[in-house]
Amino acid sequence: MPPHKAAVTNPLIFTSSPISPPPPPPPPLLYDGGKFNSGCDCPVIKDAFLTKCGHSFCYMCIVTHLNNKSDCPCCSNYVTTTHIYPNFLLNKLLTKTTASQISKTATPFEQLHQALKQGCEVSVKELDSLLSLLSEKKRKMEQEEAETNLQILHDFLNCLRKQKLQELNEIQTDLQYIKEDISVVERRRVELYRARDRYFTNLRIRGDDAAPKMWPSLMEKRSSGITTSGPSALGQPRMGSSASQSIKAEAKTSLTGQAMQRKDSHGAPDLQHVNQSGLAVTRKRRVHAQFHDLQECYLQKRRHSARQSNAQDEKNVKSQSREGYHGGLDDFQSVLSTFTRYSRLRVVAEIRHRDLFHSANIVSSIEFDRDDELFATAGVSRCIKVFEFSSVVNEPAEVQCPVVEMSTLSKLSCLSWNKYTKSHIASSDYDGVVTVWDVNTRQSIMEYEEHEKRAWSVDFSRTEPSMLVSGSDDCKVKVWCTNQEASVLNIDMKANICSVKYNPGSSYHLAVGSADHHIHYYDLRNISQPLHIFSGHRKAVSYVKFLSNNELASASTDSTLRLWDVKENVPLRTFRGHTNEKNFVGLTVNSEYIACGSESNEVFVYHKAISRPAAWHRFGSDTEEADEDVGSYFISAVCWKSDSPTMVSANSQGTIKVLVLAA
């Protein structure tokens with residue numbers, strides 16, 4: 001149907017009605033990149049139909065539209081389903097255009113497949129030639145694919161061979177270390193046994209001169225029951241029963257030593273099976289239980305010692321610390337000795353104080369004073385209690401009372417004793433106030449109120465006793481001086497501060513544990529950026545403590561402890577075994593051991609060289625009270641007594657225990 005034309009009006013004929021303007025012409029049917037612009041929104045027109053106003057649409061598109069509205073989508077003229085007709089010319093054009101597009105974008109294989117499918121006339125000779133060409137192409141592609149696969153396999157095997165050779169070289173080197181160390185240890189053991197045998201031989205020779213003369217008098221004394229302080233008839237001094245037992249024991253030990261020497265000379269049992277005492281067996285069991293960690297520790301120390309020796313020939317002499325021991329072996333023997341020495345925590349004393357005025361009894365912090373004579377506790381009960389350690393250990397639990405009590409206005413989060421002035425102790429509280437107290441006068445010396453939110457941590461410098469540092473939920477670290485009323489330094493950070501700690505060997509270096517999962521290590525002489533940021537924890541870092549000038553331990557609510565080298569800026573070890581997901585459970589360190597609490601109401605002790613716990617102790621509940629919420633209790637504070645195996649710990653119930661490492 002041709003496009004609709006407007007009626008022509010004779011300009012010489014006057015009419016009373018106004019002349020209507022002609023309707024706009026229909027838009028032309030344009031072809032643009034494979035798409036016909038005909039007013040249809042479909043990307044490709046299928047089954048084109050033409051309206052009486054001259055517009056083309058997909059049949060389904062125009063029918064759907066006309067069912068809802070009786071007008072043309074393009075010009076809004078009145079149109080119904082009876083006013084649309086098939087557009088045969090456009091459908092033919094679309095078919096050709098589609099074929100042309102396919103031929104342009106199709107691969108040669110698709111074009112060939114389409115041609116054959118459409119019945120293209122091909123002779124048998126042409127097909128044979130085509131099949132031969134395809135067969136040759138297939139063979140070439142299969143060969144190339146096989147060569148590629150072999151090349152990949154060859155590269156993999158070479159890489160694997162290189163890796164295994166490296167592992168073999170490491171194993172051979174480790175075996176050489178082990179062989180050398182076994183020889184050193186065997187020589188040392190032989191020397192010890194020979195020295196012991198020489199001692200007992202000399203002791204037996206000296207005892208043989210006196211024993212024949214002493215034993216008759218002893219027998220006479222035992223038979224007669226007479227005790228005198230004067231000389232016997234034989235001119236020898238009389239001896240008590242303990243001396244007699246001592247002589248018999250020495251004689252027995254001497255015989256045992258001779259038997260060992262005979263066994264050694266005949267090469268019978270191995271030296272490592274000579275001493276099978278219960279303690280030795282128990283310590284060996286601990287070695288086998290933690291064999292993997294001990295193996296890694298030994299190899300790490302031995303390799304490190306070897307690298308140092310190779311880097312500087314002078315250290316070949318220095319690395320042999322005693323009796324031919326290499327430095328690495330000597331270090332590992334120290335680890336092995338300290339790790340296997342203890343297997344449990346034994347309760348020495350217990351304090352069960354209940355605050356009558358506060359239902360909450362969580363102890364947030366425990367700290368020993370400079371001389372380890374006093375320890376202080378603080379927590380949500382708003383009171384600092386100072387105990388005399390010797391009294392707590394030696395006196396009955398019923399009479400154990402603090403020697404000093406100092407009340408505060410807010411809940412306390414942390415304590416820190418001044419290591420120079422014995423009577424000074426600092427506290428931080430939930431109101432953000434940092435206070436320095438004098439234990440002797442029970443009065444506060446200084447109060448700092450600059451923090452805007454809860455202060456979690458405070459610490460006195462060991463090298464500059466007038467300086468202390470605090471960290472708060474206001475994302476600020478503040479450095480204070482007891483001689484000034486305002487902070488002397490501020491560090492603004494982006495996350496809450498959970499813990500701050502001075503390096504024990506420097507008044508300038510500071511570790512900050514943050515809620516951003518990192519430990520920030522600062523030099524206070526330049527606070528524009530930290531010296532290093534230690535990353536590894538997956539949750540907030542709740543505590544940081546220094547084992548030495550170079551070793552830093554951290555605790556996090558990701559249930560791990562981590563050990564870092566702040567000098568080399570590297571992680572050393574990760575400790576797992578306790579549970580800590582939401583609470584502050586305490587952290588304490590000494591030169592060899594790291595201890596922390598757990599949300600299972602247990603105290604865990606780790607050796608710094610072994611990633612698994614060395615000992616643990618569970619706090620019990622009050623059996624009389626039969627508390628139903630015993631599962632909600634957790635360890636809230638721990639503190640070593642310097643480098644001794646003794647610690648003080650407390651839980652959220654308010655129970656304080658003195659624990660000591662035991663075999």
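In case you wondered, yes, glycine gets a Cβ from its N, Cα and C as well.
Per TrEMBL, the range carrying the annotation coiled coil out of 12-39, 96-123, 124-151, 208-235 is 124-151. Packing against the repeat 'WD' (425-447) from elsewhere in the chain are residues 367, 369, 374, 376, 378, 384, 386, 404-406, 408-418, 453-460, 468, 470, 472-474, 478, 480, 482, 485: each is 6 or more residues past its ends and has a CB under 8 Å from a CB in it. DSSP labels the residues of the repeat 'WD' (448-480) in these numbers: 0 helix, 18 strand, 15 coil.
Restricting the average to the repeat 'WD' (448-480) gives a pLDDT of 95.
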